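Okay, so here's the structure we're looking at.
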Amino acid sequence: MARMGLAGAAGRWWGLALGLTAFFLPGAHTQVVQVNDSMYGFIGTDVVLHCSFANPLPGVKITQVTWQKATNGSKQNVAIYNPAMGVSVLAPYRERVEFLRPSFTDGTIRLSRLELEDEGVYICEFATFPAGNRESQLNLTVMAKPTNWIEGTQAVLRAKKGKDDKVLVATCTSANGKPPSVVSWETHLKGEAEYQEIRNPNGTVTVISRYRLVPSREDHRQSLACIVNYHMDRFRESLTLNVQYEPEVTIEGFDGNWYLQRMDVKLTCKADANPPATEYHWTTLNGSLPKGVEAQNRTLFFRGPINYSMAGTYICEATNPIGTRSGQVEVNITEFPYTPSPPEHGRRAGQVPTAIIGGVVGSILLVLFVVGGIVVALCRRRHTFKGDYSTKKHVYGNGYSKAGIPQHHPPMAQNLQYPEDSDDEKKAGPLGGSSYEEEEEEEGGGGERKVGGPHPKYDEDAKRPYFTVDEAEARQDGYGDRTLGYQYDPEQLDLAENMVSQNDGSFISKKEWYV
């Protein structure tokens, strides 16, 4: 017994030593089982699970390749390849699993007609000696394409005024999908959607969406589409709403130009209703139709020529299975027809403001051009103005005082030019005026004048700072027929600092006041 216990202990130690030796053998870590980390496939399709043994050592012997599935913490054999015994596939995979290229380095299998139960973790294991077993695992996901459809409500959709209750109009379903689908709606309707997910026992999910709204006349014939997005697929299916509503009544035929003696006019009652209106009734505000007016279903005929008795408010009532609604129109009768302006006349009338604006702009430009010409002419005239000393606008100086004469007067001409018929050489008077001889002749020639002294008349005038306008005119009248002894250009005057040149050619002192 002691020997047997010793032998057992020695065997265990020997096995451990062999394992450690195999673990530390050169190249042991390079022996790798290569698989895909994850795979997926749809129900009913085939999937290939790859598995290979990389870089086996020459001294390592492969004894078996095994595929297993991890189930609830345990391993269940799926398929086995043994070089000595061949291929073995276990139930329930016997009819759906096969090795593609069984060998010491390749353990790839094909799993056909996938089922939801095939989803899980699969292990590919290579048994070697003396290195031991090498394995890797992959995750297989089985997907289920959903079945999608849309259906409208079986109830009748009716638009009723005063009712705000939302009713179910359509349901969109994406059934038995794995993973679940994403459901949405595409529409111009002003409703709201609600969603529900149902998890089925087999792992699939059914998504249901219901669309609700308050029916209205505007919702009739509107499109409502269900959109289902699943994986890389997109499903779209739509329906058209059928909303029933009361008639919406309008009356046509009155063009605003009904006049006396007009013929062949009528009114037509049009009702927008679902279902269509089946009954029409014509009345007036007075209750009865005028003489010569005849109602035929939806049309009101005016027999014979129009007269004033046919004027009034006409009412049409339309009825369908949902209800009765009415519309009205007021008919006015005029004595004479109204002739609207032809379109071409209206178009020309619209162009009148443009023509007027163009004329006004042209006139303004012409006025500006003329004013500019006048301004330019005045500026040129101002620069070339020589002065006019005979105007009444002057404050006339006496020609002798310091206040009435510029400080720097141009030099007197030494030789004055007289007409050819003049025999005597005359001496110029002060300021180039008449000579002393002429003054003496005017006084009668009896007076004597001191040689070299000023004439008494000039001496008296020199004492006056200026002449009045009347005196200036009188002096001009007295000297009107005379000519200046000489002429000069006012622009060439060297004006004193206390004198200011005026626009009219005159000079005004800055030091004296003029009244």
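Each Cβ is built from the backbone N, Cα and C atoms, and glycine gets one as well.
Swiss-Prot lists a disulfide bond between CYS51 and one candidate from CYS124, CYS172; that candidate is CYS124. Between CYS226 and the candidates CYS172, CYS316, Swiss-Prot records a disulfide bond only with CYS172.
All protein chains shown were included, and the count of other CB atoms within 10 Å of the CB of CYS51 (disulfide bond) stands at 24. If you check the recorded positions CYS172, ASN202, CYS226, ASN297, ASN307, CYS316 against CYS51 (disulfide bond), none has a Cα inside 10 Å of its Cα. Considering only the recorded positions ASN72, CYS226, ASN286, ASN297, the residue whose Cα is spatially closest to the Cα of CYS124 (disulfide bond) is ASN72.
For ASN307 (N-linked glycosylation site), the spatially nearest entry among the recorded positions ASN139, CYS172, ASN286, ASN332 is ASN332, judged by CA separation. Taking CA atoms as the reference points, ASN36 (N-linked glycosylation site) and ASN286 (N-linked glycosylation site) are 91 Å apart.
Cβ neighbour counts within 10 Å, taken over all protein chains shown, single out ASN307 as the most crowded of the glycosylation sites ASN307, ASN332.
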